[in-house]
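First up is the structure itself, then whatever we jot down about it.
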Amino acid sequence: MDFQEPSKYVNKEVSISFRRQRIVFIHNEFLMLLCSKIPNVKDRASIVYSLIKSYNLFSSMKVIDVTPASMEDLCKFHSPLYIKFLKKVSHFFTSVSEEDRDLVAENLEAESQDFGIVVGLFLGYDCPLVSNLFSLVSLVGGSSLTAARELNERSADIAINWYGGWHHAQRVISEVIKSYQPNAIVMQCGADGLAGDKLGGFNLTLKSYTYCVKYILSLHKPTLLLGGGGYNEANVARCWTTLTSIAAGREISNNIPENEYFPYFGPDFTLEIHPSNLKNTNTSEYLENILSEITDYSLKKGMHKQKSQLPTAFGKPQFPDLCNDEEHTILIEKPVTSGNIPKSYPGVDSRRDFWDPDHVKLPCSENNSTLGKQKRWDLVKEALTGSRIGSVEQLEAAIKTYNADVGSQWKFTSLKLFFREIYSATENKAFFDSLLPKIIGLALRLPELITNGIPLLKRDRTHSVSLSQLQVACLLANAFLCTYPCRNEVPTGVLTFSRNYIAPNSIPKWFASERTLSGLYVSSDGNIEDDGYGFFQMDFADKFIGGLITTTGCVQEEIRFSICPELIISRLFTECIGPNEAVIITGCERFSNYSGYGPNFKWTGNYKDPTPSDQYGRRYCTVLGLDAMNYRWKPAKQYTSESIQRELNKAYAGFSWGCSLANQTELCAVATGNWGCGIFRGNVQLKSLLQHMSASEAGRDLAYYTFNNVKLRNSMAETHQFLVENKVTIGNLYKLVLEFCEDELFKSMNVFEFLKSRIVTSNAETASGSKSRNV
């Protein structure tokens, strides 16, 4: 078929005018040569380049050479196993003779099928093997990365790379643009939909392609045009040359100029592509239904708001500011500048020693003595530096030296198991020869690094403590938690540990709130720490912060504390979290990658944290520690008004942090998920709604990760859209939730079903009453 009325299936109101823009064209002679040797598109790349050149279009563009993609670049987008296989098969077929290739192919056949590449005698059509395969892959990938780099660096408005785009793309464009509001667009222009293509079964002409490209360019977004399929070489050249001319703002003749491949364009030697007499079996109704279904699913059920539309914290003031006051204790000298190692405050000569119920009792305190009045810190230094510690048994003995009062109770079972059965002999040696001395050295710097008292974050009181990363590492070293990774450099960052208490007279009056629901991004893929980049990030906390991190725990909170071990130090000075309280940690760094959950959790390697820092050196990473109620033994308890109120207030205590910050016009979103819905047996629909209500009251959007629950993702997005369209306030939602609970409707339906049913009924009654009054 051809789109005789292309706007019918795009947008009837669209204007396709566009301004002249800066254009780069990606080209490399060796890449063109390699692409021209691919059997199913033989000479295509050369024909395309020759035709574009014959129209003198390069005079309107800047031609950019290709920077090949490295192994690291390719592995960011593809499986390392796949990339390694391409390199191996490329080496084999480059180094063996023609007569031996079938034998090599036979050996590689099984492995190649896993990756969709045919290496046998019959090469296959879409993914054949070619010589210099890895060079081809590196250059093709590099060509698209080179084009993207030109756009990212704002060197161009449009980048054209007909060597890239070996994949398929999405076609529901106007609704996607409207909902997604992208910052840039990548458009794949595969030409196998043209009439006369050897592989494609469509019957399109250039009219459809040019309309689509004009529409995209009319949006005035940085745009990358890529190639892709297309197996009638002359028609592909016609198509991509025409699209190049449109991007360049040049009108070109329908008559093809003389060029190296001129005979390919016979018999009429024109750009025009004529449709065949192939019958179009796509009815208008069928096309409308497809577009409607895709739009409805992708944009309404899938995710109401895109993550890129949610405000992040980057570049904005973080709360609290580094000011010493009655609600903030700062253990570093000001001014603090990012990138420099903060100095301790006050100086060592003015060191303050606290030994009372309101401060952490530090091991180096003058008041820390044994029953025999011997300074415990002297015992620590002697035990750790008196003689070399070369085994776990010697480490155990050293620790027990200055813990004689409880040493007999400590068995160090897990530590011994780790060194005897998990660590190899080489790793044991490296630990005791290299890492342990550094940990000991760092720990013994405690008197010079911590020169002021660390206040306890006590219940029913809002207070913050700011420390440098080096101070936190020192405290962790003194706790002998050897998860802190080996560094070549001294950490320069700062962390702030806060406790936020919402007094009873400051709790929102939920029933009277006139706010409506804030923006929502919901996804069944991803997780809080990876995909919540730039947002406040939820820690599904235990009421004792950190949960079972130092024992057997291995769920959401413990995993977060494992990969961000600086969080662990919060346990040193944070009391049990109260009902109207939250613990907030700003500036933590992530050090580890992991896979799995619970019993399947395992460390998979080091992580280089790319998160930028504010002017004080605090990373733009704020973790909210919120403890959910435990309904494990009484699930019905969550449907009481007391529980509803408690969870709303608890979430608000975290989400409202920093809302009063001056000049903060757009608060960053909160990244969260199924809070308290695992072993605590919270209802996912109810808990997601309560979190969104609290976030909305605090003025924050919500990024929600359902952890592979596609049904929840769809129902959340659908319900959110329904509530927004009906302008339901938080106050009305609160009353409806209480009605749902008090009438025990949760026994027959979920809260989303109830809300839609109840609001539809209410709207109908209102409309009926209005009609009666008019009569």
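Note that Cβ sites are derived from N, Cα and C of the backbone, with glycine treated the same way.
What you are looking at is a predicted structure, and each value in this text was computed from that prediction instead of being measured.
According to TrEMBL, the domain 'Histone deacetylase' annotation covers 171-245. Feature annotation from TrEMBL assigns domain 'PARG helical' to 424-489. Taken from TrEMBL, the feature domain 'PARG catalytic Macro' covers 507-713. As annotated by TrEMBL, active site applies to D539, E557, E558.
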*Taking every residue in the domain 'PARG helical' (424-489), what is their average pLDDT?*
85
*Would you mind reading off the Cα separation of D539 (active site) from E558 (active site), to the nearest angstrom?*
9
*When the number of other CB atoms within 10 A of each residue's CB is tallied over all shown chains, which of the active-site residues E557, E558 has the maximum?*
E557
*Looking only at the domain 'PARG helical' (424-489), what are its DSSP counts of helix, strand and coil residues?*
33 helix, 8 strand, 25 coil
*Run through the domain 'Histone deacetylase' (171-245) and tell me, per DSSP, how many residues are helix, strand and coil.*
33 helix, 10 strand, 32 coil
*Take the Cβ of D539 (active site) and count every other Cβ within 10 Å, whichever protein chain it belongs to.*
29
